[in-house]
Amino acid sequence: MSEFITYLVTGIALGSSFALIGSGFVVVHRVTRVVNFAQGSLAVLGAMLSASLLAGRLPHVVGEMVTVVVCGLVGVLVGVVAIGKRGTPPLISLIVTLGVSMLFSAAIIWLWGQDPVSPPGLDGFTTILGAEVERQRLLVLVVTLVAFAGLSLFFSRTYLGKALTASASNPFAARLVGIDVRRMGLVAFGLSGVLGGLAGVLVAPSNALSFYSDLPMALGGFAAAVFGGLVSPLRTLVGGLGLGVAGQLTAGYLNGSYQTEVALLLMMVIMIARSRSFAHEEAK
Amino acid sequence: MLHITDLVVRYGSAVALDGVSLEVGRGEMVALVGPNGAGKSTLINTVSGMLEPASGSVVVEGTVAQVPEGRQMFPDMSVEDNLLLGGWSIRNRQLDEVFDLLPDLAGMRRRKAGRLSGGQQQMVAIGRALMARPDLLAIDELSLGLAPIVVDELAEHLRYLNAERGTAVLLVEQEVTLAFRLCARACVLEAGRVVVTGPSSELAESDAVRKAYFGDLAELADVEVSR
């Protein structure tokens, strides 16, 4: 039983990071129709940067917050490259984000090397139903829930959040009322950078990340985003948590190397199921 | 307050507007009529800045807001949020002014815009445009898909708005009777060119205009035009 609880909590923590990365995909896709494949790289950047800042004796919380802000700014830069030129089709922007992701990998190797990095996190363990659980993993879940609540409030209560929602809902009408839809796209990229950076900062103390972690992180996040139909942050959270738990249970009871395959398989099943439901709706 | 001079607008190699010139005075209501594909919506979209002219000029002395064809709601957002976003360009979040002019909107402020009837959505679209406190309201197809009684109510609101606030109106309208009834002056477009401009009363009585652009409209002879 305690083994199951450990896998469950570990899965929830990892799934939280998928949910954060996935919500970054969702935020960008809703506004720009672009799938930002540099999203996993931003999580890796977050891990590396926070490790360096904390090693440079910046206190906890401050180091993590600076990291998240920097990742947000880098996210805006990714946006400038991907959608900066007016009229760039979403498919071209997607290819650009793939290129940026490769560039990130090269830059991360150049700056931090190839070894996995794990910044210090919250020390100690807590006992839940007889299982020893790292406090850091519980922190990941709490921060993720707070982040999603904040995201929800941002979109529903703030003027900027409503403008972002409007840009996603009806870009023509948004332009008509004077909203600069391209600028909103850059705001969305910035927000996705913040979410990606936050995922990296939170997950790396428990799961060391290296330059090649970007693909599994991006795949996990994208699978969660697909579960949310690339439009719903809340369903992305559910998808991310489900994916994380499924992956950890697979790793614990079967084989750790199957984790990515589980993510891909789930993504494929969800996509097939969704395409059938879309076809059913169209038939109606 | 609106000065359009030798305006040319192209979609790729196709010419949508070919040397259009038009003036709208402060507080004036002008109808833009003509057959489908004449370039009316293109003209209104260029006036509101949604399209770039290939040549010529559009000068607006003041601010312009558009009520687009098909209403173009933010369907999953509330009426209140739709209205608030209308004031985005000037950061106007005062809904009371619009509720004073269109009191029905206050009662539906919490409802999702996508769930409203066509007439209610058109009222939201007008309210949303008013949030930008425009000097010129550019309306693309006021009556499209709406019941006559609803159109009459909206037309009354426009008259009131024009009289109370002095807001100028450029109205694109397929319903010629409505357009002439509401606007003292009209401009007839065909194939991207201005064919004739003049008082609605004169255009309504012009056999040439009626036969060439509106078919055999016996009803037009009896229409009460704005003078």
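Positions of Cβ are set from backbone N, Cα and C atoms, glycine also.
Positions annotated as transmembrane segment by TrEMBL: A:6-28 (among others).
Residues or ranges marked as transmembrane segment in TrEMBL: A:40-59 (among others).
Feature annotation from TrEMBL assigns transmembrane segment to A:65-84 (among others).
Same-chain residues lying 6+ beyond the ends of the transmembrane segment (A:91-112) with a Cβ under 8 Å from its Cβ atoms: 32, 34-42, 44-45, 48, 51-52, 78, 81-83, 211-212, 214, 218. Residues annotated as transmembrane segment in TrEMBL: A:91-112 (among others).
The annotation transmembrane segment is assigned in TrEMBL to A:138-160 (among others).
Same-chain neighbours of the transmembrane segment (A:181-203): 13-14, 16-18, 20-21, 23-25, 27-28, 30-32, 34, 36, 39-50, 64, 67-76, 78-80, 82-83, 86, 119, 139-140, 143-144, 147, 151, 160, 163-164, 167, 171, 174-175, 209, 217, 221, counting only residues six or more beyond its ends whose CB sits under 8 Å from a CB of the stretch. The transmembrane segment feature in TrEMBL is assigned to A:181-203 (among others).
According to TrEMBL, the transmembrane segment annotation covers A:262-279 (among others).
Taking every listed stretch (A:6-28, A:40-59, A:138-160) in turn, the largest tally of C-beta pairs under 8 A with the transmembrane segment (A:65-84) is reached by A:40-59.
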